[in-house]
Amino acid sequence: MDNLEKQLICPICLEMFTKPVVILPCQHNLCRKCANDIFQASNPYLPTRAGSLTSGGRFRCPSCRHEVVLDRHGVYGLQRNLLVENIIDMFKQESSSKPVEERKEHVPMCDVHEEEKINIYCVTHGVPTCSMCKIFGAHKDCEVSPITSIYQTKKVELSDGIAMMVGNNDRMQGIISQLEETCRAIEENGRRQKTMVCEKFDQLYSTLEEKKREMSQKVTEEQEEKLNYIRSLTRKYGDHLEQSCKVVEMGIQTMEEPEMALFLQNTKPLLKKIADGTSTAHLDKVERGYENMDHFHVRFKKVLQALRSIDFLQAEDEEAARTGSQGSG
């Protein structure tokens, strides 16, 4: 029964599925309310009615990251998993019919007072401890609180952090998609500019061949430089996303920890990882128009004797040429 209960836990609320239960195209299940919550977080600008999204949109499965595309009915268009709902009913009925069995729980003991159980929480230092430490030990002058109240507070904090991380991962996936599109645009623009350069040089005599190779190489070098930068940035975002997913997985596993003291021992470093994972300030942002390569512009109006000194026009050269043209006009 314990193994069955674990299979009936929603990956969002970390509780037993609440009917109605919906099944995603990837065959994972969610409470419909939880599906609606994550859908709204992923589609904040879609119109809503009575707290529910009413038009089509998309979100990612929290278990496998598969993209779920919905029709105009939103989450209400997802198929209900009646089999899981029936299993939940049978499980609850079976659980209520059996006497509650006492089970032995592993309660961690204090490192200093080895015969004392950890049963309070030191608010001052942010660690669980025992009553003897409060009376005689290192925490005698500290502010303490019942472990149960801190357990509930930290559990809510961790749950909120996991939800925030899931939404942040969706946004990061969007950034990666944009970076991949930028790579394709740079490749296309680079090919177009090299083609233009080659077509211009192909009209000239063999004396232009060396210069043609030189100018084409300049386009290629800048193209590769930009592509290498974007690909490196894509890998960084991908690594950050992978690390964030691992933190989410650790968070979900921690949420399943039934022992409050063990849970609190693991929560503090985990919340630190969540705080670090939600920040993307250390990751570069691509400047607007970075993919453009239109500055590789060529004008063929010089005499044959000056062909060997020809080069791509820079922005200041174009401005000077326009100014001179207007002055002579």
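Numbers run from 1 along the shown chain.
Placed from the backbone N, Cα and C atoms, the Cβ positions cover glycine too.
Just so you know, TrEMBL annotations are computer predictions that nobody has curated.
The coiled coil annotation in TrEMBL covers 169-225. The annotation domain 'RING-type' is assigned in TrEMBL to 10-65. The domain 'B box-type' annotation in TrEMBL covers 105-147. Look at TrEMBL and you will find 255-313 tagged as domain 'COS'.
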Using DSSP, what's the helix, strand and coil tally for the domain 'B box-type' (105-147)? 6 helix, 11 strand, 26 coil
Restricting to the coiled coil (169-225), what is the model's mean pLDDT? 84
